[in-house]
Amino acid sequence: MEPWPCSPGGGGGTRARHVIINVGGCRVRLAWAALARCPLARLERLRACRGHDDLLRVCDDYDVSRDEFFFDRSPCAFRAIVALLRAGKLRLLRGPCALAFRDELAYWGIDEARLERCCLRRLRRREEEAAEARAGPTERGAQGSPARALGPRGRLQRGRRRLRDVVDNPHSGLAGKLFACVSVSFVAVTAVGLCLSTMPDIRAEEERGECSPKCRSLFVLETVCVAWFSFEFLLRSLQAESKCAFLRAPLNIIDILALLPFYVSLLLGLAAGPGGTKLLERAGLVLRLLRALRVLYVMRLARHSLGLRSLGLTMRRCAREFGLLLLFLCVAMALFAPLVHLAERELGARRDFSSVPASYWWAVISMTTVGYGDMVPRSLPGQVVALSSILSGILLMAFPVTSIFHTFSRSYSELKEQQQRAASPEPALQEDSTHSATATEDSSQGPDSAGLADDSADALWVRAGR
(Lines of atoms letter the chains of each structure in order from A; the text may use other names.)
(Lines give C-alpha, C1' and ligand atoms only; values in the text may rest on other atoms or scores of the structure.)
Protein backbone atom coordinates (compact mmCIF):
# COMPACT_ATOMS: atom_id res chain seq x y z
CA MET A 1 0.00 0.00 0.00
CA GLU A 2 1.21 3.50 -0.81
CA PRO A 3 1.96 5.84 2.13
CA TRP A 4 -0.64 8.27 0.70
CA PRO A 5 -3.05 8.18 -2.23
CA CYS A 6 -1.60 8.27 -5.73
CA SER A 7 -1.76 11.70 -7.34
CA PRO A 8 -2.03 12.48 -11.03
CA GLY A 9 1.04 14.66 -11.01
CA GLY A 10 3.49 12.40 -9.28
CA GLY A 11 5.01 9.05 -9.93
CA GLY A 12 5.03 6.26 -7.43
CA GLY A 13 8.79 5.77 -7.58
CA THR A 14 9.57 9.42 -7.02
CA ARG A 15 7.13 9.57 -4.15
CA ALA A 16 8.77 6.61 -2.51
CA ARG A 17 12.17 8.32 -2.53
CA HIS A 18 11.35 12.02 -2.11
CA VAL A 19 8.76 14.30 -0.58
CA ILE A 20 7.88 17.85 -1.73
CA ILE A 21 7.03 20.22 1.11
CA ASN A 22 5.76 23.78 0.83
CA VAL A 23 6.41 25.75 4.02
CA GLY A 24 5.03 29.28 4.03
CA GLY A 25 5.29 29.66 0.23
CA CYS A 26 8.74 28.11 -0.23
CA ARG A 27 9.07 24.61 -1.64
CA VAL A 28 11.71 22.09 -0.68
CA ARG A 29 12.30 18.59 -2.05
CA LEU A 30 13.59 16.23 0.61
CA ALA A 31 14.79 12.67 0.35
CA TRP A 32 13.42 10.15 2.82
CA ALA A 33 17.00 8.96 3.30
CA ALA A 34 17.86 12.37 4.78
CA LEU A 35 14.94 12.02 7.19
CA ALA A 36 16.25 8.64 8.23
CA ARG A 37 19.55 10.23 9.28
CA CYS A 38 17.76 12.94 11.29
CA PRO A 39 14.09 12.02 11.71
CA LEU A 40 11.39 14.69 12.06
CA ALA A 41 8.41 13.45 14.03
CA ARG A 42 5.84 15.32 11.93
CA LEU A 43 7.23 14.16 8.59
CA GLU A 44 7.50 10.61 9.89
CA ARG A 45 3.79 10.82 10.70
CA LEU A 46 3.23 12.16 7.19
CA ARG A 47 4.87 9.10 5.68
CA ALA A 48 2.70 6.81 7.80
CA CYS A 49 -0.57 8.36 6.57
CA ARG A 50 -2.94 6.06 4.70
CA GLY A 51 -5.58 8.49 3.43
CA HIS A 52 -6.45 12.09 2.67
CA ASP A 53 -8.04 12.64 6.08
CA ASP A 54 -4.92 11.39 7.81
CA LEU A 55 -2.82 13.78 5.73
CA LEU A 56 -4.87 16.80 6.76
CA ARG A 57 -4.34 15.92 10.42
CA VAL A 58 -0.58 16.25 9.88
CA CYS A 59 -0.27 19.05 7.30
CA ASP A 60 -2.43 22.07 6.47
CA ASP A 61 -3.15 21.23 2.82
CA TYR A 62 -2.28 18.75 0.09
CA ASP A 63 -1.95 19.59 -3.63
CA VAL A 64 -2.89 16.46 -5.55
CA SER A 65 -1.70 17.77 -8.92
CA ARG A 66 1.81 18.49 -7.68
CA ASP A 67 1.95 15.82 -5.00
CA GLU A 68 2.89 18.65 -2.61
CA PHE A 69 2.26 19.06 1.12
CA PHE A 70 1.64 22.55 2.47
CA PHE A 71 2.49 23.72 6.02
CA ASP A 72 1.49 27.21 7.14
CA ARG A 73 4.59 27.70 9.27
CA SER A 74 7.65 29.97 9.35
CA PRO A 75 9.89 29.40 6.30
CA CYS A 76 12.86 31.00 8.07
CA ALA A 77 12.75 28.50 10.92
CA PHE A 78 12.28 25.58 8.54
CA ARG A 79 15.35 26.69 6.61
CA ALA A 80 17.43 25.99 9.72
CA ILE A 81 15.75 22.58 9.99
CA VAL A 82 16.64 21.81 6.37
CA ALA A 83 20.23 22.76 7.18
CA LEU A 84 20.07 20.22 10.00
CA LEU A 85 18.96 17.54 7.56
CA ARG A 86 21.71 18.44 5.09
CA ALA A 87 24.69 19.31 7.33
CA GLY A 88 23.69 17.71 10.63
CA LYS A 89 23.96 20.97 12.59
CA LEU A 90 21.07 22.97 14.02
CA ARG A 91 21.71 26.67 14.59
CA LEU A 92 19.54 29.45 15.96
CA LEU A 93 19.06 32.16 13.34
CA ARG A 94 19.48 35.80 14.29
CA GLY A 95 16.42 36.98 12.41
CA PRO A 96 13.48 35.15 14.03
CA CYS A 97 12.57 35.37 17.70
CA ALA A 98 14.28 32.70 19.79
CA LEU A 99 11.03 31.71 21.50
CA ALA A 100 9.22 31.45 18.15
CA PHE A 101 12.04 29.23 16.87
CA ARG A 102 11.59 27.01 19.94
CA ASP A 103 7.90 26.65 19.09
CA GLU A 104 8.80 25.70 15.53
CA LEU A 105 11.15 23.00 16.80
CA ALA A 106 8.36 21.61 18.95
CA TYR A 107 5.99 21.64 15.96
CA TRP A 108 8.35 19.68 13.73
CA GLY A 109 9.29 17.32 16.54
CA ILE A 110 12.95 18.25 17.02
CA ASP A 111 14.57 18.15 20.43
CA GLU A 112 16.09 21.45 21.61
CA ALA A 113 19.19 19.52 22.68
CA ARG A 114 20.17 19.23 19.00
CA LEU A 115 21.00 22.95 18.97
CA GLU A 116 24.65 23.93 19.03
CA ARG A 117 25.91 24.86 22.48
CA CYS A 118 26.17 28.59 21.82
CA CYS A 119 22.68 28.67 20.30
CA LEU A 120 21.24 26.63 23.16
CA ARG A 121 22.71 29.06 25.70
CA ARG A 122 21.15 31.94 23.79
CA LEU A 123 17.77 30.19 23.80
CA ARG A 124 17.94 29.47 27.53
CA ARG A 125 18.90 33.07 28.27
CA ARG A 126 15.96 34.33 26.23
CA GLU A 127 13.60 31.95 28.08
CA GLU A 128 14.84 33.27 31.44
CA GLU A 129 14.29 36.86 30.33
CA ALA A 130 10.78 36.04 29.16
CA ALA A 131 9.98 34.29 32.46
CA GLU A 132 11.25 37.28 34.43
CA ALA A 133 9.18 39.63 32.29
CA ARG A 134 6.05 37.55 32.93
CA ALA A 135 6.74 37.41 36.68
CA GLY A 136 7.45 41.15 36.93
CA PRO A 137 5.57 43.31 39.41
CA THR A 138 3.80 45.29 36.70
CA GLU A 139 1.60 43.68 34.09
CA ARG A 140 2.17 45.79 31.06
CA GLY A 141 -0.56 44.09 29.14
CA ALA A 142 -3.11 45.00 31.80
CA GLN A 143 -1.79 48.53 32.03
CA GLY A 144 -1.88 49.19 28.33
CA SER A 145 -5.24 47.59 27.56
CA PRO A 146 -7.97 50.13 26.90
CA ALA A 147 -10.44 50.46 29.73
CA ARG A 148 -13.71 50.59 27.82
CA ALA A 149 -15.61 48.05 29.86
CA LEU A 150 -18.86 49.30 31.25
CA GLY A 151 -20.35 48.68 34.64
CA PRO A 152 -18.81 48.45 38.12
CA ARG A 153 -16.13 45.98 37.05
CA GLY A 154 -14.88 48.29 34.29
CA ARG A 155 -14.77 51.25 36.65
CA LEU A 156 -12.89 49.14 39.21
CA GLN A 157 -10.28 48.17 36.61
CA ARG A 158 -9.86 51.78 35.51
CA GLY A 159 -9.42 52.83 39.13
CA ARG A 160 -6.80 50.14 39.69
CA ARG A 161 -4.88 51.20 36.60
CA ARG A 162 -4.88 54.83 37.65
CA LEU A 163 -3.77 53.89 41.16
CA ARG A 164 -1.03 51.66 39.72
CA ASP A 165 0.23 54.50 37.53
CA VAL A 166 0.41 56.86 40.50
CA VAL A 167 2.06 54.39 42.89
CA ASP A 168 4.42 52.48 40.59
CA ASN A 169 5.09 54.78 37.64
CA PRO A 170 6.54 58.22 38.45
CA HIS A 171 6.55 59.03 34.72
CA SER A 172 2.77 58.69 34.45
CA GLY A 173 2.15 62.31 35.38
CA LEU A 174 2.36 64.95 38.06
CA ALA A 175 0.62 62.76 40.67
CA GLY A 176 3.11 59.93 40.16
CA LYS A 177 6.09 62.28 40.48
CA LEU A 178 4.72 63.86 43.68
CA PHE A 179 4.03 60.44 45.18
CA ALA A 180 7.58 59.26 44.40
CA CYS A 181 9.13 62.44 45.84
CA VAL A 182 7.11 62.15 49.07
CA SER A 183 8.03 58.46 49.43
CA VAL A 184 11.76 59.14 48.95
CA SER A 185 11.56 62.06 51.42
CA PHE A 186 10.03 59.85 54.10
CA VAL A 187 12.75 57.24 53.53
CA ALA A 188 15.41 59.92 54.04
CA VAL A 189 13.67 61.21 57.19
CA THR A 190 13.48 57.66 58.56
CA ALA A 191 17.20 57.12 57.96
CA VAL A 192 18.03 60.36 59.79
CA GLY A 193 15.74 59.43 62.68
CA LEU A 194 17.37 56.01 62.94
CA CYS A 195 20.80 57.63 63.17
CA LEU A 196 19.66 60.11 65.84
CA SER A 197 18.07 57.37 67.95
CA THR A 198 21.50 55.77 68.43
CA MET A 199 23.04 58.85 70.05
CA PRO A 200 24.48 58.07 73.54
CA ASP A 201 22.26 60.49 75.50
CA ILE A 202 19.05 59.19 73.91
CA ARG A 203 20.14 55.58 74.41
CA ALA A 204 20.86 56.32 78.09
CA GLU A 205 17.37 57.79 78.54
CA GLU A 206 15.82 54.72 76.93
CA GLU A 207 17.71 52.37 79.24
CA ARG A 208 16.59 54.37 82.31
CA GLY A 209 12.99 54.32 81.09
CA GLU A 210 12.79 58.10 80.81
CA CYS A 211 11.19 60.04 77.98
CA SER A 212 12.68 63.44 77.29
CA PRO A 213 11.35 65.88 74.65
CA LYS A 214 14.02 64.60 72.24
CA CYS A 215 12.89 61.03 72.68
CA ARG A 216 9.25 62.04 72.32
CA SER A 217 10.00 63.98 69.13
CA LEU A 218 11.79 61.00 67.62
CA PHE A 219 8.84 58.76 68.51
CA VAL A 220 6.40 61.16 66.84
CA LEU A 221 8.65 61.35 63.78
CA GLU A 222 8.85 57.57 63.55
CA THR A 223 5.08 57.26 63.99
CA VAL A 224 4.42 59.67 61.13
CA CYS A 225 6.85 57.84 58.84
CA VAL A 226 5.39 54.44 59.70
CA ALA A 227 1.88 55.79 59.07
CA TRP A 228 2.92 56.96 55.60
CA PHE A 229 4.66 53.65 54.79
CA SER A 230 1.60 51.73 56.00
CA PHE A 231 -0.64 53.91 53.83
CA GLU A 232 1.63 53.32 50.83
CA PHE A 233 1.67 49.56 51.48
CA LEU A 234 -2.14 49.59 51.63
CA LEU A 235 -2.36 51.44 48.30
CA ARG A 236 -0.02 48.94 46.65
CA SER A 237 -2.06 46.03 47.97
CA LEU A 238 -5.30 47.58 46.68
CA GLN A 239 -3.98 47.99 43.13
CA ALA A 240 -2.61 44.43 43.04
CA GLU A 241 -4.87 41.97 41.25
CA SER A 242 -3.28 38.91 42.90
CA LYS A 243 -2.78 39.37 46.63
CA CYS A 244 -0.68 36.21 46.98
CA ALA A 245 1.73 37.34 44.26
CA PHE A 246 1.84 40.77 45.89
CA LEU A 247 2.84 39.32 49.27
CA ARG A 248 5.50 37.13 47.66
CA ALA A 249 7.26 40.07 45.98
CA PRO A 250 10.70 40.72 47.56
CA LEU A 251 10.20 44.46 48.07
CA ASN A 252 6.83 43.89 49.72
CA ILE A 253 8.38 41.33 52.08
CA ILE A 254 10.99 43.95 52.99
CA ASP A 255 8.19 46.45 53.69
CA ILE A 256 6.49 43.99 56.05
CA LEU A 257 9.74 43.27 57.91
CA ALA A 258 10.41 47.00 58.25
CA LEU A 259 6.91 47.86 59.51
CA LEU A 260 6.54 44.89 61.84
CA PRO A 261 8.91 46.07 64.65
CA PHE A 262 6.99 49.31 65.25
CA TYR A 263 3.64 47.59 65.61
CA VAL A 264 5.06 44.77 67.75
CA SER A 265 6.67 47.23 70.19
CA LEU A 266 3.49 49.30 70.24
CA LEU A 267 1.32 46.28 71.03
CA LEU A 268 3.72 45.11 73.75
CA GLY A 269 3.65 48.55 75.34
CA LEU A 270 -0.14 48.59 75.34
CA ALA A 271 -0.32 45.03 76.69
CA ALA A 272 2.15 45.75 79.50
CA GLY A 273 0.26 48.78 80.77
CA PRO A 274 1.56 51.17 83.44
CA GLY A 275 2.84 48.41 85.75
CA GLY A 276 4.30 46.12 83.13
CA THR A 277 7.92 47.19 83.39
CA LYS A 278 9.12 43.60 83.93
CA LEU A 279 7.49 42.48 80.70
CA LEU A 280 9.14 45.31 78.81
CA GLU A 281 12.51 44.52 80.40
CA ARG A 282 12.26 40.90 79.31
CA ALA A 283 11.29 41.91 75.80
CA GLY A 284 13.84 44.73 75.66
CA LEU A 285 16.49 42.79 73.75
CA VAL A 286 13.95 41.42 71.30
CA LEU A 287 12.52 44.87 70.72
CA ARG A 288 15.95 46.35 70.11
CA LEU A 289 16.72 43.62 67.61
CA LEU A 290 13.40 44.18 65.88
CA ARG A 291 13.89 47.92 65.78
CA ALA A 292 17.22 47.36 64.05
CA LEU A 293 15.18 46.10 61.11
CA ARG A 294 14.16 49.69 60.46
CA VAL A 295 17.30 49.95 58.37
CA LEU A 296 15.37 47.98 55.74
CA TYR A 297 13.46 51.17 54.96
CA VAL A 298 16.45 52.18 52.85
CA MET A 299 15.66 49.28 50.51
CA ARG A 300 12.45 51.07 49.56
CA LEU A 301 14.61 53.33 47.42
CA ALA A 302 14.83 50.43 44.98
CA ARG A 303 11.28 51.27 43.88
CA HIS A 304 12.51 54.60 42.56
CA SER A 305 16.14 53.82 41.68
CA LEU A 306 16.97 52.13 38.40
CA GLY A 307 20.47 51.26 39.62
CA LEU A 308 19.23 49.47 42.75
CA ARG A 309 16.69 47.49 40.75
CA SER A 310 19.43 46.54 38.30
CA LEU A 311 21.57 45.38 41.21
CA GLY A 312 18.78 43.20 42.60
CA LEU A 313 18.06 41.71 39.18
CA THR A 314 21.76 41.02 38.69
CA MET A 315 21.99 39.22 42.02
CA ARG A 316 19.00 37.08 41.11
CA ARG A 317 20.36 36.22 37.67
CA CYS A 318 23.92 35.62 38.88
CA ALA A 319 23.04 33.41 41.84
CA ARG A 320 25.10 30.61 40.28
CA GLU A 321 28.10 32.89 39.76
CA PHE A 322 27.91 34.15 43.33
CA GLY A 323 27.75 30.57 44.56
CA LEU A 324 30.80 29.76 42.45
CA LEU A 325 32.64 32.74 43.94
CA LEU A 326 31.77 31.57 47.45
CA LEU A 327 32.96 28.07 46.61
CA PHE A 328 36.31 29.40 45.37
CA LEU A 329 36.69 31.45 48.53
CA CYS A 330 35.89 28.53 50.85
CA VAL A 331 38.27 26.15 49.09
CA ALA A 332 41.12 28.65 49.17
CA MET A 333 40.38 29.52 52.80
CA ALA A 334 40.46 25.84 53.77
CA LEU A 335 43.83 25.54 52.00
CA PHE A 336 45.71 28.62 53.22
CA ALA A 337 44.46 28.79 56.82
CA PRO A 338 46.17 25.53 57.93
CA LEU A 339 49.32 26.47 56.01
CA VAL A 340 49.71 29.86 57.68
CA HIS A 341 48.89 28.32 61.07
CA LEU A 342 51.63 25.73 60.55
CA ALA A 343 54.13 28.32 59.33
CA GLU A 344 53.51 30.84 62.12
CA ARG A 345 52.53 28.69 65.09
CA GLU A 346 54.96 25.83 64.65
CA LEU A 347 57.88 27.52 62.89
CA GLY A 348 57.57 31.15 63.91
CA ALA A 349 56.17 30.68 67.44
CA ARG A 350 53.54 33.41 66.89
CA ARG A 351 50.45 33.57 69.12
CA ASP A 352 48.30 35.47 66.64
CA PHE A 353 47.57 32.32 64.67
CA SER A 354 46.54 30.28 67.70
CA SER A 355 44.37 27.80 65.79
CA VAL A 356 43.19 26.95 62.31
CA PRO A 357 39.70 28.50 62.87
CA ALA A 358 41.42 31.71 64.02
CA SER A 359 43.47 31.63 60.83
CA TYR A 360 40.29 31.46 58.71
CA TRP A 361 39.67 35.14 59.45
CA TRP A 362 43.15 36.06 58.25
CA ALA A 363 42.70 33.98 55.08
CA VAL A 364 39.43 35.71 54.17
CA ILE A 365 40.82 39.19 54.82
CA SER A 366 43.96 38.44 52.81
CA MET A 367 42.23 36.89 49.79
CA THR A 368 39.78 39.77 49.56
CA THR A 369 42.78 42.18 49.71
CA VAL A 370 41.33 44.06 52.69
CA GLY A 371 44.23 43.54 55.10
CA TYR A 372 43.19 44.90 58.50
CA GLY A 373 46.63 44.22 59.96
CA ASP A 374 45.37 42.58 63.17
CA MET A 375 47.07 39.29 62.20
CA VAL A 376 50.37 39.58 60.33
CA PRO A 377 52.71 36.68 59.46
CA ARG A 378 56.30 37.41 60.48
CA SER A 379 58.22 34.32 59.45
CA LEU A 380 59.47 33.78 55.92
CA PRO A 381 57.29 30.68 55.29
CA GLY A 382 54.26 32.58 56.60
CA GLN A 383 54.96 35.50 54.28
CA VAL A 384 55.24 33.12 51.33
CA VAL A 385 51.85 31.65 52.25
CA ALA A 386 50.43 35.18 52.60
CA LEU A 387 51.71 36.17 49.15
CA SER A 388 50.22 33.01 47.65
CA SER A 389 46.84 33.62 49.30
CA ILE A 390 46.68 37.25 48.12
CA LEU A 391 47.53 36.36 44.51
CA SER A 392 45.10 33.44 44.56
CA GLY A 393 42.34 35.67 45.93
CA ILE A 394 42.85 38.21 43.15
CA LEU A 395 42.72 35.53 40.46
CA LEU A 396 39.82 33.55 41.91
CA MET A 397 37.62 36.59 42.44
CA ALA A 398 38.34 37.91 38.96
CA PHE A 399 36.90 34.86 37.20
CA PRO A 400 33.16 35.34 37.97
CA VAL A 401 33.35 39.15 38.06
CA THR A 402 33.37 39.46 34.26
CA SER A 403 30.16 37.47 33.91
CA ILE A 404 28.53 39.43 36.73
CA PHE A 405 29.52 42.73 35.11
CA HIS A 406 28.01 41.76 31.75
CA THR A 407 24.83 40.61 33.47
CA PHE A 408 24.55 43.92 35.31
CA SER A 409 24.99 45.87 32.07
CA ARG A 410 22.34 43.78 30.35
CA SER A 411 19.94 44.12 33.30
CA TYR A 412 20.42 47.87 33.43
CA SER A 413 19.73 48.20 29.70
CA GLU A 414 16.58 46.08 29.95
CA LEU A 415 15.18 48.00 32.92
CA LYS A 416 15.99 51.32 31.27
CA GLU A 417 14.14 50.21 28.15
CA GLN A 418 11.15 49.15 30.25
CA GLN A 419 11.18 52.53 31.99
CA GLN A 420 11.16 54.32 28.66
CA ARG A 421 8.26 52.19 27.44
CA ALA A 422 6.34 52.93 30.63
CA ALA A 423 6.87 56.66 30.07
CA SER A 424 5.28 56.43 26.59
CA PRO A 425 2.13 54.23 26.56
CA GLU A 426 1.79 53.84 22.77
CA PRO A 427 5.28 52.42 22.15
CA ALA A 428 4.76 50.15 25.14
CA LEU A 429 1.74 48.61 23.49
CA GLN A 430 3.65 48.02 20.28
CA GLU A 431 6.63 46.56 22.13
CA ASP A 432 4.42 44.21 24.13
CA SER A 433 3.02 42.72 20.97
CA THR A 434 6.48 42.19 19.46
CA HIS A 435 7.08 38.71 20.90
CA SER A 436 3.67 37.41 19.85
CA ALA A 437 3.92 39.01 16.40
CA THR A 438 7.40 37.71 15.63
CA ALA A 439 6.24 34.16 15.09
CA THR A 440 3.57 35.21 12.56
CA GLU A 441 5.80 37.83 10.99
CA ASP A 442 8.28 35.18 9.90
CA SER A 443 5.58 33.45 7.86
CA SER A 444 5.22 36.52 5.62
CA GLN A 445 8.97 36.74 4.96
CA GLY A 446 10.97 34.70 2.49
CA PRO A 447 13.83 32.53 3.62
CA ASP A 448 16.28 35.11 2.32
CA SER A 449 15.22 37.60 5.04
CA ALA A 450 17.18 35.73 7.66
CA GLY A 451 20.30 35.78 5.53
CA LEU A 452 22.31 33.78 8.04
CA ALA A 453 21.36 30.14 7.48
CA ASP A 454 23.80 27.55 6.40
CA ASP A 455 24.70 27.89 2.73
CA SER A 456 24.47 24.15 2.28
CA ALA A 457 20.69 24.36 2.59
CA ASP A 458 20.31 26.80 -0.34
CA ALA A 459 20.42 24.03 -2.91
CA LEU A 460 17.33 22.41 -1.41
CA TRP A 461 15.07 25.44 -1.84
CA VAL A 462 12.91 25.92 -4.91
CA ARG A 463 10.66 28.96 -5.30
CA ALA A 464 6.94 28.36 -5.70
CA GLY A 465 5.41 28.87 -9.14
CA ARG A 466 7.78 26.99 -11.39
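Every residue, even glycine, has its Cβ placed from backbone N, Cα and C.
The feature compositional bias 'Polar residues' is assigned by Swiss-Prot to 435-447.
Residues or ranges marked as compositional bias 'Low complexity' in Swiss-Prot: 448-460.
The annotation intramembrane segment is assigned in Swiss-Prot to 357-368 (among others). Long-range contacts of the intramembrane segment (357-368) within the same chain: residues 329, 332-333, 336-338, 340-341, 375, 386, 389-390, 392-393, 396-397, each at least 6 residues beyond the stretch ends and with a Cβ under 8 Å from a Cβ of the stretch.
The annotation intramembrane segment is assigned in Swiss-Prot to 369-376 (among others).
The feature region 'Disordered' is assigned by Swiss-Prot to 131-155 (among others).
The region 'Disordered' annotation in Swiss-Prot covers 416-466 (among others).
What Swiss-Prot lists as motif 'Selectivity filter' is 369-374, and the listing cites similarity to another entry. Only residues 6 or more beyond the boundaries of the motif 'Selectivity filter' (369-374), in the same chain, are considered here, and those with a CB under 8 A from a CB of the stretch are 352, 390, 393-394.
If you look up Swiss-Prot, you'll see 1-174 (among others) marked as topological domain 'Cytoplasmic', on the strength of similarity to another entry.
The feature topological domain 'Extracellular' is assigned by Swiss-Prot to 197-217 (among others).
Mean model confidence of the topological domain 'Cytoplasmic' (240-250) amounts to 84 (pLDDT, 0 to 100 scale). Taken from Swiss-Prot, the feature topological domain 'Cytoplasmic' applies to 240-250 (among others).
The topological domain 'Extracellular' annotation in Swiss-Prot covers 272-283 (among others).
Among the features that Swiss-Prot reports, topological domain 'Cytoplasmic' is placed at 305-319 (among others).
Annotation comment: Swiss-Prot describes 342-356 (among others) as topological domain 'Extracellular'.
Taken from Swiss-Prot, the feature topological domain 'Extracellular' covers 377-383 (among others). The helix, strand and coil residue counts that DSSP assigns across the topological domain 'Extracellular' (377-383) are 4 helix, 0 strand, 3 coil.
Swiss-Prot lists 413-466 (among others) with the feature topological domain 'Cytoplasmic'.
Proximity of distant same-chain residues to the transmembrane segment (175-196), defined by a Cβ-Cβ separation under 8 Å and at least 6 residues beyond the stretch ends, is recorded for 165-167, 169, 202, 218, 221-222, 225, 228-229, 232, 294-295, 297-298, 300-301, 303-304. Per Swiss-Prot, transmembrane segment is recorded for 175-196 (among others).
Under 8 Å from some Cβ of the transmembrane segment (320-341) lie the Cβ atoms of residues 353, 355-360, 362-364, 366-367, 377, 382, 385-386, 388-389, 392-393, 396-397, 399-400, 403-404, 407, all in the same chain and six or more residues away from its ends. Within its own chain, the topological domain 'Cytoplasmic' (305-319) is flanked in space by residues 128, 132, 250, 299, 400, 403-404, 407-408, 411-412, 414-416, 419, which lie at least six positions past its ends and keep a Cβ under 8 Å from the stretch.
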